[in-house]
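Undergrad: If you look up Swiss-Prot, you'll see 141 marked as N-linked glycosylation site. Residues or ranges marked as cysteine sulfenic acid (-SOH) by Swiss-Prot on the basis of similarity to another entry: 55. The cysteine persulfide annotation in Swiss-Prot covers 55 and is backed by similarity to another entry. Residues annotated as topological domain 'Cytoplasmic' in Swiss-Prot: 1-38, 180-185, 252-263. Annotation source Swiss-Prot lists topological domain 'Extracellular' at 60-86, 131-158, 207-230. If you look up Swiss-Prot, you'll see 39-59, 87-107, 110-130, 159-179, 186-206, 231-251 marked as transmembrane segment, on the strength of sequence analysis.
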């Protein structure tokens with residue numbers, strides 16, 4: 001080999017700086033609507049579609065399929081909707097995910113509350129549509145797809161623990177697959193969907209494997225079922241907080257971590 005070669009590290013630095021400049025230019029070129037309104041509209045739309053499909057899969061679930069039908073419906077629907085709409089809003093459709101993504105720097109803090117509002121309204125719309133298209137008897141037999149599995153105080157600790165752990169897996173899949181630069185990749189929507197399938201199959205019999213306050217809230221409003229509803233807020237939001245701190249402190253890339261930096 002002849003001639004001088006550009007050092008690889010210098011080349012990489014220039015490429016990285018160029019990418020950062022292009023991303024910044026692209027972001028600043030976006031309109032106010034595209035930065036602040038459009039993502040909230042997409043979060044509302046995506047949440048409505050996801051929760052509509054999820055609720056129907058529970059209401060119309062055959063006893064012979066057990067957890068398989070809702071697990072596949074929730075996971076495949078979420079992966080599909082993220083792949084379709086994720087480039088606009090990030091594809092959260094879940095207040096716990098939005099909390100974690102905000103903590104790791106993937107979402108502007110000022111957008112967190114608007115995202116939550118959009119997701120909750122989307123949840124109500126999706127649950128309302130499911131109620132409209134479902135036979136009344138099946139709807140009420142399934143408690144409107146609300147989470148009614150916890151019936152006794154003795155079940156609370158187990159259900160809360162399952163919600164925390166299962167939601168942590170989902171939120172890790174989102175943050176590491178779609179936000180953290182070192183580990184993000186094009187298969188993130190599928191890994192996120194798979195995490196939902198796995199979570200429901202594993203924990204559905206204990207807590208219902210909600211992992212999403214919006215998924216719990218919409219059906220609860222439509223069915224008027226609020227027993228132990230707080231579990232499906234506290235568990236997922238604690239999980240989002242834990243994962244955000246875990247990534248910020250230990251497993252995030254150099255740009256994301258707050259401690260243990262190389263320089």
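Cβ atoms here come from the backbone N, Cα and C positions, even for glycine.
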Undergrad: Could you give the Cα-Cα distance between the residue listed as 'N-linked glycosylation site' and residue 55 (cysteine sulfenic acid (-SOH)), in whole Å?
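TA: That comes out at 13 Å between the alpha carbons.
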Undergrad: Which whole-number mean pLDDT does the model give the topological domain 'Cytoplasmic' (180-185)?
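TA: On average, pLDDT over the topological domain 'Cytoplasmic' (180-185) sits at 94.
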Undergrad: Output the single range from 39-59, 87-107, 159-179 maximising the number of Cβ pairs under 8 Å to the transmembrane segment (231-251).
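TA: Selected stretch: 159-179, with the most Cβ pairs under 8 Å.
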Undergrad: Please identify, from the recorded positions 55, 141, the residue with the sparsest Cβ neighbourhood, meaning fewest other Cβ atoms within 10 angstroms.
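TA: Ranked by other Cβ atoms within 10 Å, the recorded positions 55, 141 bottom out at 141.
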Undergrad: Would you call the transmembrane segment (159-179) and the transmembrane segment (87-107) in contact, using three or more Cβ pairs under 8 Å, pairs 6 or more apart in sequence?
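TA: Yes, the stretches contact each other.
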Undergrad: DSSP says what for the topological domain 'Cytoplasmic' (252-263): how many helix, strand, coil residues?
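TA: Helix/strand/coil tally for the topological domain 'Cytoplasmic' (252-263): 0 helix, 0 strand, 12 coil.
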Undergrad: Give residue numbers and ranges for long-range contacts of the transmembrane segment (186-206): same chain, 6 or more residues beyond its ends, CB-CB under 8 A.
TA: 67-68, 70-72, 74-80, 82-83, 86, 91, 149, 155, 158-159, 162-163, 165-167, 169-170, 172-174, 177-178
Undergrad: DSSP on the topological domain 'Extracellular' (131-158): how many residues come out helix, how many strand, how many coil?
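TA: Helix, strand and coil residues of the topological domain 'Extracellular' (131-158) number 18 helix, 0 strand, 10 coil.
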